[in-house]
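Colleague: The following block contains the structure, expressed as structure tokens.
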Amino acid sequence: MKKDVKKVVLAYSGGLDTSIILKWLQDEYKCEVVTFTADIGQGEELEPARKKALALGVKPENIFIEDLREEFVRDYVFPMFRANAIYEGEYLLGTSIARPLIAKRQSEIARLVGADGVSHGATGKGNDQVRFELGYYALGDNLTIIAPWREWDLNSREKLLAYAEKNGIDITKKPGKSPYSMDANLLHISYEGLVLEDPSHAPEDDMWRWTVSPKDAPDKSEIIEIGYEKGDPVSIDGKKMSPAEILTELNRLGAKHGIGRLDIVENRSVGMKSRGCYETPGGTIMLKAHRAIESITLDRGAAHLKDEIMPKYAELVYNGYWWSPERNMLQALIDKSQEHVNGSVKVELYKGNVTILGRSSKDDNLFSEAYCTFEEDSVYDQKDAEGFIKLNALRFIIARKNGRKFD
């Protein structure tokens, strides 16, 4: 039985699926629909979404199109990269990190317009339904959540197209539109479906939209210097930029040199395995450079603790727990560790590779040439190492005296 909902805020892309959802909400719930379209760097013109919403009967005052690129990078991407977060050893969480912001703004708009419901276009098989809805529960005011893919009987492409045609929804395929299921933002672009559903099948070369093939990348490498303040990149080659500008420029450079392609099978939060291909050129550069500046500015214990908690942090982001107390606790610890992560990193970009050429920090460098030199020095007495080793071996010595063997 459907709940009585008067006004619903829909996460609306302007594409076929969410346009069908918009009409379906009007027909099935007899409710007023408010559309929210976020610009998080997907690289598409968003004004057509306004025209489509108007054509489907949405009031002009109920159409929200907002540029969230700076907020997305500053408050979501950068905090995640301070953690060096990678899911299952490879995935840089480009889709996962975008959902909390959309859910947050949807909940805020619902409060603003007095809506009592929210809706999204995520399917009942994927991770995004979890990410969106955990956000609604964390931030919304007793909102009714409508997930059409879990309710309707439009469970095939043919049925969706028939519904669209019946209701006058434009189903014209855009020129050059990919046949894959794609999701893009300023951090990455993802591809799923079709031949990718066979994990043994290599993706077609023309699938990749952002990056050139590494073998077709320039034969001459490019060297850049990234400046860091408190763990965040703030400049490229000495030029200060905003967070979104930094990521945009690193994307351009990385894509030019064939950097950031990834083909993986991941474990979804709902239990199944999924094959996905990703392009994350700027993020790949940022991760390598951030670890490099940390290598000279972080204390050993702090660095190792960060590495220990990173998989848990990444799992929380992947599974939709961005707003959870535990993620916020970990973030506070991570942000504390970044107070002295200041300096710059020289990076070489060449045919799909990111190579660190150097790292420096004027005020926070813990690398001491005086201590680590292989030449004669006056600050380190090598005899001190003998006692250190004996203390660390004490448990072995005691165990052997008690007859225990280690071979």
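Quick reminder: no glycine exception, Cβ is built from N, Cα and C everywhere.
Here Swiss-Prot flags ALA11, TYR12, SER13, GLY14, GLY15, LEU16, ASP17, THR18, SER19, ALA38, GLY121 as ATP binding site. The feature L-citrulline binding site is assigned by Swiss-Prot to TYR91, SER96, ASN127, ARG131, SER181, SER190, GLU266, TYR278, with sequence analysis given as support. The L-aspartate binding site annotation in Swiss-Prot covers THR123, ASN127, ASP128.
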Colleague: If we count other C-beta atoms within 10 Å, could you say which of the binding-site residues SER13, SER19, SER96, THR123, SER190 has the fewest?
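Modeller: Checked SER13, SER19, SER96, THR123, SER190; of these binding-site residues, fewest Cβ neighbours within 10 Å: THR123.
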Colleague: For ASP128 (L-aspartate binding site), identify the closest of the binding-site residues ALA11, SER13, GLU266, judging by Cα separation.
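Modeller: Closest candidate to ASP128 (L-aspartate binding site), judged by Cα separation, is ALA11.
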Colleague: According to DSSP, which of helix, strand or coil covers TYR91 (L-citrulline binding site)?
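Modeller: DSSP assigns TYR91 (L-citrulline binding site) to strand.
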Colleague: Among all protein chains shown, how many Cβ atoms are found within 10 Å of the Cβ of GLY121 (ATP binding site), not counting that one?
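Modeller: A count of 22.
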Colleague: Which secondary structure state does DSSP assign to TYR278 (L-citrulline binding site), in the simple three-class scheme?
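Modeller: Once the DSSP labels are grouped into three classes, TYR278 (L-citrulline binding site) ends up as strand.
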Colleague: List only the single closest residue to GLY15 (ATP binding site), chosen from the binding-site residues TYR91, SER96, ASN127, ARG131, SER181 by CA-CA distance.
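Modeller: For GLY15 (ATP binding site), the closest Cα among TYR91, SER96, ASN127, ARG131, SER181 is found at SER181.
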Colleague: What whole-number value in Å do you get for the largest C-alpha pair distance within ALA11, TYR12, SER13, GLY14, GLY15, LEU16, ASP17, THR18, SER19, ALA38, GLY121, the residues recorded as binding ATP?
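Modeller: Across ALA11, TYR12, SER13, GLY14, GLY15, LEU16, ASP17, THR18, SER19, ALA38, GLY121, the two farthest Cα atoms sit 16 Å apart.
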Colleague: Could you tell me the C-alpha distance between SER13 (ATP binding site) and SER181 (L-citrulline binding site) in angstrom, no decimals?
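Modeller: Here the two Cα atoms are 14 Å apart.
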Colleague: Do you know offhand how many angstrom separate TYR91 (L-citrulline binding site) and THR123 (L-aspartate binding site) by C-alpha?
Modeller: 21
Colleague: Once the DSSP letters are reduced so that anything not helix or strand counts as coil, what is ASP128 (L-aspartate binding site)?
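Modeller: Going by the DSSP assignment, ASP128 (L-aspartate binding site) falls within a helical segment, counted as helix.
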